[in-house]
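Heads up: the structure comes next, in structure tokens.
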């Protein structure tokens, strides 16, 4: 199912996976597989609502129909686009961090192929959102993006990730996050368009600032002490 085998769980098994994944992800936030499992086992109602919204949007319907994947074979051309474009900005973001679009864990716990695809899509557009909002991939940046993701999709996992992230902050990081990033993320998530209904790959050749304006995206604020890890 979207790169992995489908696993059917009974109610108590789903709860057990959710609890185990939550504990494991809190202990080791680098475990992308545990975070993914937590999102799937707690996020079915949220993903169902996302599907319904996508069906009401022309671009969202096109995404559901064509099921594009954010993998090297389909987005590799972004590396060849002019520097001012959204696609080139995404390529710089990925290249500067030595990230690969092929590294996302598969979806395993969704009941239908459509829900599995939407769960995978939410996972794969994460780096598009980093690029558009201008957020770093440190603990503060990831926590701020999870605030936006929660406002966009209402996934319980996003809220739990924010709570887990802030617990791990140093006092300096906590002050920076709640004074600068958290208020901005609340506003940014509310003001932007329904980002799950955007067919990003069809906008790669457009100017980055133009697509930000079109989608109502306000980049992250410059904050003091940018060297905070």
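Glycine residues also receive a Cβ, built from the backbone N, Cα and C atoms like all the rest.
Record features, source TrEMBL:
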BINDING   126, 127, 130, 142  Zn(2+) binding site
Note = Same-chain neighbours of the Zn(2+) site, Cβ within 8 Å of the mean position of the Cβ atoms of 126, 127, 130, 142 and not counting those residues, run in sequence order as 128, 129, 135, 137, 141, 145
Note = Across all protein chains shown, the binding-site residues 127, 142 give the max Cβ-within-10 Å count at 127
Protein Cβ atoms within 10 Å of residue 130 (Zn(2+) binding site), excluding its own = 21
Inquiry  = To see if you understand the setup: which same-chain residues, six or more apart in sequence, place their Cβ under 8 Å from that of residue 126 (Zn(2+) binding site)?
reply    = 145, 149
